[in-house]
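Per Swiss-Prot, these features apply:
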{"type": "BINDING", "residues": "G15, L16, G17, E18, G19, R20, Y116, Y117, L118, R119", "note": "CDP binding site"}
{"type": "BINDING", "residues": "T44, N46", "note": "Mg(2+) binding site"}
{"type": "BINDING", "residues": "T103, E111", "note": "FMN binding site"}
Amino acid sequence: MRTKILHIKGKVTAGLGEGRIFLSIPYYIESFKKYLGFEPYAGTLNIVIYDRISLENRLILDLAKGIIIPEHKEPNRVLGSVKAFPSSINSISPAAIVIPARTTHPKSVIEIISPYYLREKLSLKDGDEVEIEVYL
């Protein structure tokens, strides 16, 4: 089976810190280890897409199968499902684009997880351009 690769370019942007909260929840930590093969750093790297081709590729992800982290019910809350796509960012892997079922981000903003603190590993600051390869 051949892997299809989508390319998405964008610029690093600051988030609200919500990724850190969700990636500290044991259910998500264990699920990402199980389904993606790595324990994610407790935070996401947010990327804003600014070109047409990258945005079209991002929209393809809405229709693509991806890896589904199922919804999880706890006594006081429901943890929403997440669709994930194995990826690399500036040739660093493992990484994954994560698309939560419930998000406040527009389609032009994507979230990346990795076992690494990507801002440090790639020496990134807000406004820096990155290239993501998404493996379908």
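Heads up, the Cβ atoms here are built off N, Cα and C, so glycines get one too.
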Handout entry: Distant-in-sequence Cβ neighbours of N46 (Mg(2+) binding site), under 8 Å, six or more positions away
Key = V12, T13, A14, G15, G19, H105, V109, I110, E111, I112
Handout entry: Assigned element (helix, strand, coil) containing L118 (CDP binding site), judged by DSSP
Key = helix
Practice task
Out of G15, G19, give me whichever of these binding-site residues has the highest number of other Cβ atoms within 10 Å.
Solution key: G19
Fill in the blank from the handout: By the 10 Å Cβ-neighbour count, the most surrounded of the binding-site residues T44, T103 is T44
Fill in the blank from the handout: Cβ contacts within 10 Å for L118 (CDP binding site), all chains included, total 22
Problem - Cβ-Cβ distance under 8 Å to Y116 (CDP binding site), same chain, at least six residues away - result: Y41, I92
Handout entry: T103 (FMN binding site): secondary structure state under DSSP, collapsed to three categories
Key = coil
Completion exercise
Using a 10 Å radius on the Cβ of E111 (FMN binding site), the other Cβ atoms enclosed count 22
